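Okay, structure first, notes after.
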Amino acid sequence: MVLSLLSAMISLCLFAALYQPVMSRPAKFEDDFRIAWSDAHITQIDGGRAIQLKLDPSSGCGFASKRQYLFGRVSMKIKLIPGDSAGTVAAFYMNSDTDSIRDELDFEFLGNRSGQPYTVQTNVFAHGKGDREQRVNLWFDPSRDFHEYAISWNHLRIVFYVDNVPIRVYKNNEARKVPFPRFQPMGVYSTLWEADDWATRGGMEKINWSGAPFYAYYKDFDIEGCPVPGPANCPANPKNWWEGAAYHQLSAAEARAYRWVRVNHMVYDYCTDKSRFPVPPLECSAGI
């Protein structure tokens, strides 16, 4: 109980220290998105300002942005499946949709057995190369209320945020011959599907279909970036707010929060997995 209270207090302090208003414009679902598959499993609610995704034995579902973007910031507020969600995965990600040379930035929320922490897995694909998984146990119950998940992407770095707290930084290390997603525009996607062959404890925990259907909720869709097709000079424009000096590196408060997450809540990092990478990948020594 003491640890739970301490974690909650730290989370509140981090939010207060990190919150900085940006040029946000939460949109209705249909402004920027379309249903990608299984439209019978996606329901618009609150006048289209929020949606419900459903997973049952017949199907999962997914949606996608109407356009692709090159650099910027995308975010959504998500309320995840409550109770026993083992074997399910809800994802929020960006993808270039270019198969073997794809770029992709992933949030994957791995379902759990009741009472266990909810784990979020992030991954980065650049020029077709992935296998950069990191996993963090969230310090709150993401099924009780909406929380914001965001991806910030510019020429220098990619940052994954949870409620404005950075949980992962991936720097541009092209000078060290590490690929970085810099040339291909990406669409914004989200899916809810069955993945009980790997999602919970490596596939040891299977879906309990007696609890179906499973629901996840999304709202406050926000995309700010350079649309493609669009003005050709936009992606290279140094005056775009996401390219500003404040977004070149983490602030002091963000850096403290980032270290707090990684010390207290990180449960897997490919950089330290010697069974997969006896010699750590080059980007792993880049720090923040």
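Cβ atoms are placed via backbone N, Cα and C, with glycine included.
TrEMBL does not curate its annotations; it predicts them automatically.
Per TrEMBL, the features are:
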| type | residues | note |
| --- | --- | --- |
| SIGNAL | 1-24 | signal peptide |
| DOMAIN | 18-218 | domain 'GH16' |
| ACT_SITE | GLU104 | active site, nucleophile |
| ACT_SITE | GLU108 | active site, proton donor |
| CARBOHYD | ASN112 | N-linked glycosylation site |
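Features recorded in TrEMBL, as mapped to the structure shown.
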residue: GLU104; record: active site, nucleophile; Cβ contacts under 8 Å, 6 or more apart: TYR93, MET94, ASN95, SER96, ASN123, VAL124, PHE125, GLY130, PRO181, MET186
residue: GLU108; record: active site, proton donor; Cβ contacts under 8 Å, 6 or more apart: VAL89, ALA90, ALA91, TYR93, VAL120, GLN121, THR122, ASN123
residue: ASN112; record: N-linked glycosylation site; Cβ contacts under 8 Å, 6 or more apart: ASP84, SER85, ALA86, TYR118, THR119, THR200, GLU205
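In the predicted model, the domain 'GH16' (18-218) has a mean pLDDT of 93.
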